[in-house]
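Engineer: Structure in C-alpha cells, see below.
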Amino acid sequence: MTSTLDLDKGCTVEELLRGCIEAFDDSGKVRDPQLVRMFLMMHPWYIPSSQLASKLLHFYQQSRKDNSNSLQMKTCHLVRYWISAFPAEFDLNPELAEQIKELKALLDQEGNRRHSSLIDIESVPTYKWKRQVTQRNPVEQKKRKMSLLFDHLEPMELAEHLTYLEYRSFCKILFQDYHSFVTHGCTVDNPVLERFISLFNSVSQWVQLMILSKPTATQRALVITHFVHVAERLLQLQNFNTLMAVVGGLSHSSISRLKETHSHVSPDTIKLWEGLTELVTATGNYSNYRRRLAACVGFRFPILGVHLKDLVALQLALPDWLDPGRTRLNGAKMRQLFCILEELAMVTSLRPPVQANPDLLSLLTVSLDQYQTEDELYQLSLQREPRSKSSPTSPTSCTPPPRPPVLEEWTSVAKPKLDQALVAEHIEKMVESVFRNFDVDGDGHISQEEFQIIRGNFPYLSAFGDLDQNQDGCISREEMISYFLRSSSVLGGRMGFVHNFQESNSLRPVACRHCKALILGIYKQGLKCRACGVNCHKQCKERLSVECRRRAQSVSLEGSAPSPSPTHTHHRAFSFSLPRPGRRSSRPPEIREEEVQSVEDGVFDIHL
C-alpha cells in the first residue's frame, strides 16, 4: 500500500483517490496495484461511480491550473486502468460512461491528444447479458420425467455440466449485486443473484427427487451412490458450491430418514459420503472448507453462501465510516471486504476445465426446473418408507452420516426484547382481526352467540364473563384488548401469535409476512409455520403479528348471520388458535409430520 495512507486509521475518499493517482508513474506503470484495484472495486460501497468520475474530472482540472502535466497524465492513466479492469461498469452505467466521454471530449477540445488517447471508452464491449435472467419454464412443463438425463450420464460428465450451468449463472453477478444483498439482507430488486440462489436450491432438490422417484430401496440406494460419486467428481473439479448443493440434497431429512434405503448403500460409499459432508460442514466457521479452498490452484468455485455470510458479518460488525460526518471511511473494513469480493471475482476470470454439450445442458436445465416444496418432498419420502415400517436389522446395514449444519444461520442476531408497546401492537392487530371476522352483525361488539363461534376456533379462551368486564352482555374491542394485555405476561407477550416454526428452504421467492421483503431459502433465513404455513425471516419472528390459523381446524360460519340480500350467502372460513392465558408454556402444540400440508402463497387470506 502507498506509504502516505494509513487505512487502519481511516482516510477520506479524496485522499484515497489522490493515492491511487500517485500510484502511477508517467508511463502508466502501477507501483501499488493492490491499492488501485481495491479502491476502484470498492468505491461504490461508499459513493456512486458517477460521483467518483466527477472527482476525477475535478482533479484533472485542478492539476491543469497548477500546470502539473505529470498529475494530468497520471489521472488519465487511472481512468484507463478503471475502464480496463471494470469495463462492465461503463457499459451498464450510462451516466458514468457519459461523464468519461465528457472528460475525453474536454481533452480533445484542449488539444491534449496524448492524454485523450489513453481514454478509450468507445471500445467497451456490451455486458447486457449479465443483466439478463433466464426465465423458468411454465408450470405445466414441470412434471416431465427427470431420468432422461440422469440414467445416461457418468458422474464426471454430470459434475461437469452442473459446474458449467452454475458457472454461467455466477458470471452474471456483479459487485452491485453483492452490495445490494448485504445492504438489504435479501434479494430485493436483485434478480441475478436470486436466480443463482434458485439454481443452487434446484440442484439440491433435484438430488432428492431423483432418489425418491425410485420405487424400491435398492434402486434408491443406487441413485444415492451415483450422487455421492458426482459429489466426489465435483470436489475434483474444485467446485465447492455445487458440491454443497449435492451434499445438502443427500443430507436432507427426506433422504436421511430412509433407513431401509441406506442399508443397501455400501460401507465404502458411506465413508466417502461422510468425508464429503465433513468438508462442507459449518463446524468451525467452515474451517475444513476454507483450508481446502486456500490450497486450490487454478479454477475453483467457492461456496457463495459462505462468503456472502462473511460479507454480512462484516457489514454488521464494522461501520463503513469512522466519523459521524461520514468523511473518513473505514479502511480496515474496506480491505477485508475487498479480500472476500476479490476471491469471488477471481472465479469469473478462470474458466472451468469442462466441455459442455448444449443438448445436455438444455435437458439438465429442464430437469432442474422443478417446483416441489419441503413438505411435498417429505410426504414422498413417507410414501417410500412409511414410519410404521421397521428398520432393517441386517448386520451389514449402514446408517447415513448425520445431517450437518451445512449452511447455518448467517449471523447470531440477538432476539429483540418485547416491550409493552410491541405487545400492545400485536394484540391490537389480533383483536381487530377477530372483530373483522367474527363480529357477524357488525355492531362493534362480540355477543354471547358470536363468542361461542369464536370459542370453536379459540379452544383455550377463558369464559365470556372474564372478558366482559362491565357485565353488559357483550365484549368491546377495549375489553378484549385489556384481557389479552393482562394475560400477555404469562405467555411472554406472544399470545395468539404462537407458531410452530421450522426452517424453510423455499425454491420460489416468498415474502416475509412482517417486513414484506423476500426470503431466500438457501441460507436458512426463512421460517415457515407447520400449522398455518405463514413465512417470515428469523429476525422477524418475534415481531410477527399474524395469528396462527391452523387449517385442519377451520370452522365454517355458513348461515350464522343474515344475508344482506337474498341472492348472496356468506361463507367464512377461519383457522385461528389461541393459547389459554393461564398456561405457563408458550410452546405451540406438537404437530405430527403427517399433518404438514403444502401451502400456496395466498392461503392466509380470509375468503368471504
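Each Cβ is built from the backbone N, Cα and C atoms, and glycine gets one as well.
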Engineer: Out of Ser27, Ser117, Ser253, Ser504, report back the residue that Swiss-Prot marks as phosphoserine.
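Structural biologist: The candidate carrying the phosphoserine note in Swiss-Prot is Ser117.
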Engineer: From the ranges 39-89, 192-242, 294-344, 498-548, pick the one that Swiss-Prot records as zinc finger.
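Structural biologist: It is 498-548 that Swiss-Prot describes as zinc finger.
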Engineer: According to Swiss-Prot, which residue out of Ser147, Ser381, Ser412 bears the annotation phosphoserine?
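Structural biologist: The phosphoserine feature in Swiss-Prot corresponds to Ser147.
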Engineer: Which residues, in sequence order, are found in the same chain with Cβ within 8 Å of the centroid defined by the Cβ atoms of Asp439, Asp441, Asp443, His445, Glu450 at the Ca(2+) 1 site, excluding those residues themselves?
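Structural biologist: Nearby residues not in the site list: Phe435, Val440, Gly442, Gly444, Ile446, Ser447, Cys474.
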Engineer: What other residues of the same chain, not counting Asp468, Asn470, Asp472, Cys474, Glu479, have a CB atom within 8 A of the CB centroid of the Ca(2+) 2 site?
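Structural biologist: Going along the sequence, the neighbours appear as His445, Leu467, Gln469, Gln471, Gly473, Ile475, Ser476.
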Engineer: Name the residues of the same chain, 6+ apart in sequence, whose Cβ is under 8 Å from the Cβ of Asp443 (Ca(2+) 1 binding site)?
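Structural biologist: Long-range Cβ contacts: none.
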Engineer: Between the Cα atoms of Asp441 (Ca(2+) 1 binding site) and Cys474 (Ca(2+) 2 binding site), find the distance and write it as a whole number of Å.
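Structural biologist: Distance (Cα to Cα, whole Å): 13 Å.
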Engineer: Taking the Cβ of Asp439 (Ca(2+) 1 binding site) as the centre, how many other Cβ atoms fall within a 10 Å radius?
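Structural biologist: If we count other Cβ atoms within 10 Å of Asp439 (Ca(2+) 1 binding site), we arrive at 18.
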Engineer: Ranking the binding-site residues Asp441, Asp468 by other Cβ atoms within 10 Å, which is at the bottom?
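Structural biologist: Checked Asp441, Asp468; of these binding-site residues, fewest Cβ neighbours within 10 Å: Asp441.
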Engineer: Measure from the Cβ of Glu450 (Ca(2+) 1 binding site) and count the other Cβ atoms within 10 Å, all protein chains considered.
Structural biologist: 22
Engineer: DSSP helix, strand and coil counts for the domain 'N-terminal Ras-GEF' (4-126)?
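Structural biologist: Reading the DSSP string over the domain 'N-terminal Ras-GEF' (4-126) gives 87 helix, 3 strand, 33 coil.
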